[in-house]
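Per TrEMBL, the features are:
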| type | residues | note |
| --- | --- | --- |
| TRANSMEM | 16-37 | transmembrane segment |
| DOMAIN | 18-440 | domain 'Ammonium transporter AmtB-like' |
| TRANSMEM | 49-72 | transmembrane segment |
| TRANSMEM | 101-119 | transmembrane segment |
| TRANSMEM | 126-147 | transmembrane segment |
| TRANSMEM | 167-189 | transmembrane segment |
| TRANSMEM | 210-228 | transmembrane segment |
| TRANSMEM | 307-327 | transmembrane segment |
| TRANSMEM | 385-413 | transmembrane segment |
Amino acid sequence: MEISWEQSVTYSINTIYLLFSAYLVFVMQLGFAMLCAGSVGAKNAMNIMLTNVVDAVVGSISYYLFGFAFAFGDSSNPFIGTNFFALKDIPNSSYDYSFFLYQWAFAIAVAGITSGSIAERTQFSAYLVFSFFLSGFVYPIVVHWVWSSGGWLSASSSNPLFASGAIDFAGSGVVHLVGAVAGLWGSFIEGPRVGRFDAFGKPMPMRGHNATLVVLGTFLLWFGWFGFNPGSFDKILVAYPSTTDQGNWTAIGRTAVTTTLAGSTAGIVTLFGRRLLVGHWDALDVCNGLLGGFVAITSGCSVVEPWAAIVCGFFAAWVLIGLNFLAVQLNFDDPLEAAQLHGGCGAWGLIFTGLFAKEEFVIQAYDSGKSGVVRPYGLFMGGGWGLLGCQVIEVLVIVSWVTVTMGPLFLALHRLGILRISVEEEIAGLDISSHGGYAYNTYQEDNQPRFYADYMRMQDQS
């Protein structure tokens, strides 16, 4: 069918918008890499940088071969997609290459979250296995449930659960909670890093080696989040028929504002909250607080008022602070606080959306602003319990699904002896024991080898 000049212009602009958003989300990989590198010891910097590269390249192949098909294939199946493997029959009337690229950028971000939880003590081969499995199977199934038009939990379904479906617009649950629960099990099965807790269970400080990289990574992630959240509209040139001057372009601007306000509020609350608790101003804590606010608002960014985003960020900060305290009490070791940040704040973000989603914005985001549409919305906004019920169900099914898939995988890797490195390698550092040398030419701890040959010579002598 021949399309008009106006239609071709609209398609072109929407495609450019989606591709630009995909590029912004991909920049988040660089942000993850910088954040991770700065948060670990210098002797493991090369290792964590390489794992971020591996998450991207392995996730690319996995998502291309299987992930996209499981996520968006066969809308008649509410649980799993069964076509579009290796992009067969793409492009079509529903999806094109730009949509695949945007979704791919999300998929590789999930594995990056998990990698942070198990940093500084994991064998490199284990990263290859879990990254492929997580990006190609575990994550796409959740995507199908929540984002596919035929998913059983999708708000875009023709027959949504509780007449609502779960609103997880950009992935507080689908992306962040999935990666966090996977990291939680990986970190739990591996156990704490050597030296993180003493013989009596008292926590010992193991701060990252470079605050500059942490701050740089945080700002890169902030920049990328403007593709992550506003970009999830997919199209910018969609006018709302119930108004004369509004469309997706209006909602996209508001989404960028709510994202900024939630993150900023969480950062400020964390700054002062940690000052009261530990007695000093901590830049690294502020960075994690900021990211916690972004994670929390990701679910409801398109359907809440700016003032509600401030509420979201305020409570996200205290969720993160509380979970970090609990993690220390339980001797749980996550070098990047990824399980607490992405898991706790992601779960809060889903519940927050069920409380504060505004009816008008829900209809704009999911029905293009059509008149006469009735949908459940936030409980505190007068919308009843339907939406909140779906949000709670999403939290529970994601935790359950990732637990029964990633938990056994990490346990199997552990039993096979290919999950955690030896104590000697961990003390020496993964850079020298696995990657041929340190990331920094000037780095050398006392009594530690500088080059891989030195490391092997010491091993032979021991």
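Using N, Cα and C of the backbone, Cβ positions are placed for all residues, glycine too.
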In contact by Cβ distance (the transmembrane segment (49-72), the transmembrane segment (167-189); 3 or more pairs under 8 Å): no
For the transmembrane segment (126-147), sequence-distant contacts whose Cβ falls under 8 Å of one of its Cβ atoms, 6 or more beyond its ends: 51, 54-55, 58-59, 61-63, 65-72, 78-81, 103, 107-108, 110-111, 114-115, 118, 153-154, 156, 166, 168, 173-175, 178-179, 182, 186, 394, 397-398, 401-402, 405-406, 409-410, 413, 418-419
Selected stretch (most C-beta pairs under 8 A with the transmembrane segment (16-37)) from 49-72, 101-119, 307-327, 385-413: 101-119
Stretch in 101-119, 307-327, 385-413 most in contact with the transmembrane segment (49-72), if contact is a CB pair under 8 A: 101-119
